[in-house]
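Positions annotated as domain 'CN hydrolase' by TrEMBL: 14-264. The feature domain 'HIT' is assigned by TrEMBL to 297-405. Residues or ranges marked as substrate binding site by TrEMBL: N323, Q379, G385, Q386, T387, V388, H394. Summarising the annotation, TrEMBL assigns motif 'Histidine triad motif' to 390-394. Annotation source TrEMBL lists active site, tele-AMP-histidine intermediate at H392. Look at TrEMBL and you will find Y409 tagged as site 'Important for induction of apoptosis'. Feature annotation from TrEMBL assigns region 'Disordered' to 412-440. Here TrEMBL flags 413-440 as compositional bias 'Basic and acidic residues'.
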Amino acid sequence: MLTTVIRRTMATGRHFIAVCQMTSDNDLEKNFDIAKSMIERAGERKCEMVFLPECFDFIGVNKNEQVDLAMTADCVYMQRYRDLAKKHNVWLSLGGLHHKDPSDHAHPWNTHLIIDSQGATCVEYNKLHLFDLEIPGKVRLMESEFSKAGNEMVPPVETPVGCLGLSICYDVRFPELSLWNRQRGAQLLSFPSAFTLNTGLAHWETLLRARAIENQCYVVAAAQTGAHNPKRQSYGHAMVVDPWGAVVAQCSERVDMCFAEIDLSYVASLREMQPVFSHRRSDLYTLHVNERNHETDDLKFAEFPIPASHIFYSTPHSFAFVNLKPVTDGHVLISPKRVVQHLTDLTDAETADLFIVAKKVQAMLEKHHNVKASTICVQDGKEAGQTVPHAHVHILARRSGDFGDNEIYQKLASHDKEPERKPRSKETMAEEAEVYRKLM
Ligand code: AMP
């Protein structure tokens with residue numbers, strides 16, 4: 001999957017956006033023509049970004065069609081959208097492409113793509129929360145029957161109209177995702193949608209305004225409207241909400257567009273005036289996110305540099321790396337990125353992250369080494385056997401009888417000092433890390 005490829009400069013000031021409302025069906029050409037005329041109109045009105053709804057490509061009549069018509073992001077059909085972005089010098093938010101996985105045709109993702117004005121993909125987000133709902137006699141929509149969920153958080157992306165958080169439709173009900181986007185710098189949150197009629201009548205505007213108010217972000221929600229086929233109908237009311245919670249643009253229930261001004265200085269002044277994010281009680285609650293870092297930095301284990309090639313997994317707070325002098329086959333270490341000696345020096349967020357990473361690594365090691373037991377331990381302080389003054393969790397794959405009467409703790413306390421146990425070569429350590437990196 002592509003993530004952000006280029007670091008862009010931050011937008012400031014005022015910007016115009018266009019938000020589209022469609023009634024997609026299974027006629028891809030017709031859907032494209034409608035989207036095309038909307039993008040043209042947005043270009044004429046000098047909008048910098050155009051937002052299209054979930055299922056802008058199509059809505060199939062049944063689950064087989066939903067799967068069969070799915071496409072890859074670099075197909076000819078999608079190229080036409082890239083050409084339009086270039087021709088009209090606009091960025092596109094294409095919410096909810098039925099995105100074919102080349103290695104698993106039966107289970108497409110639901111992907112929100114951001115295309116820049118050069119026609120290139122900046123970022124792809126695969127919908128995390130699939131909409132499975134059955135209200136007897138009213139609505140039955142089981143997205144998991146024709147889509148698979150993404151499993152990665154995707155940070156907000158810099159666009160010409162501001163830093164944009166990516167979500168899709170049903171994601172709006174999971175405030176953690178929006179909160180995380182805000183914490184990562186989002187000024188706008190986008191929810192391209194195909195909300196069902198019943199849920200839309202009850203919750204659409206309330207949910208969008210809540211996400212805008214609590215995160216002090218613009219909320220941009222392109223939408224599907226009307227009947228797509230005899231079995232599926234959408235609520236419409238594509239809208240833009242400002243960070244104070246006011247609806248500043250809205251479509252009704254027909255195929256249409258609405259336009260809005262995004263004023264980034266308003267976002268800044270509002271956050272200054274009411275600094276709710278600095279009033280959060282992070283000492284009492286925390287938002288933990290299982291986030292993986294893809295960049296490979298060299299880090300320090302106390303004063304020892306750990307080369308990126310020895311690190312096989314990292315998150316914003318923690319990193320997992322192979323051991324210089326392993327006690328068993330499959331003995332690795334997890335440390336916080338911040339160099340502190342004791343667990344008690346860590347914040348709650350760092351502590352949670354450290355042990356969540358440790359658990360993930362343990363599962364991977366047990367599978368890889370084909371064992372069913374592990375020793376997880378922390379020697380917290382010199383008197384407890386700690387030789388490197390940087391908090392770390394040891395994970396050791398365990399085999400039956402490997403340490404006599406479980407004398408592993410003596411072994412851990414002494415293994416660094418045993419003259420016969422030589423440090424391994426950098427190459428051997430990098431090879432082991434490469435195997436684990438792939439498995440993680
Ligand atoms: P402890 O005795 O609990 O402080 O454990 C320190 C661990 O770090 C031991 O298992 C060492 O083999 C390991 N170690 C020390 N230096 C390095 C290094 N540069 N790279 C990887 N592991 C290291």
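Backbone N, Cα and C define each Cβ position, glycine as well.
Where the annotation comes from TrEMBL, it is an automatic prediction and has not been curated.
Just so it is clear, the model here is predicted, and its values are computed rather than measured.
The CA atom of N323 (substrate binding site) is located 16 Å away from the CA atom of Y409 (site 'Important for induction of apoptosis'). Each of H392, L412, D416 belongs to the same chain as N323, Q379, G385, Q386, T387, V388, H394, is absent from that list, and has a C-beta within 8 angstroms of the C-beta centroid marking the substrate site. Around the Cβ of Q386 (substrate binding site), 18 further Cβ atoms fall within 10 Å across all displayed protein chains. In terms of DSSP secondary structure, the motif 'Histidine triad motif' (390-394) contains 0 helix, 2 strand, 3 coil. Rounded to the nearest whole angstrom, the C-alpha distance between V388 (substrate binding site) and Y409 (site 'Important for induction of apoptosis') is 16.
For the motif 'Histidine triad motif' (390-394), same-chain residues at least 6 beyond its ends with a Cβ under 8 Å from one of its own Cβ atoms are 300-302, 331-336, 339-343, 345-346, 354-355, 358, 375-380, 412.
Of the residues the record lists as binding substrate, namely N323, Q379, G385, Q386, T387, V388, H394, the two whose Cα atoms sit farthest apart are 16 Å from each other. Long-range Cβ contacts of the compositional bias 'Basic and acidic residues' (413-440) within its own chain (Cβ-Cβ under 8 Å, at least 6 residues beyond either end) map to 307, 309-313, 320-327, 332, 360-361, 364-365, 367-368, 379, 385, 387.
Here the C-alpha separation of H394 (substrate binding site) and Y409 (site 'Important for induction of apoptosis') works out to 11 Å. Here the recorded positions are H392, H394, and the one with the most other Cβ atoms within 10 Å of its Cβ is H392.
The most densely surrounded of the binding-site residues Q379, T387 is Q379 (count of other Cβ atoms within 10 A of its Cβ).
Around the Cβ of G385 (substrate binding site), the number of neighbouring Cβ atoms within 10 Å comes to 16. Secondary structure at V388 (substrate binding site), as computed by DSSP, is coil.
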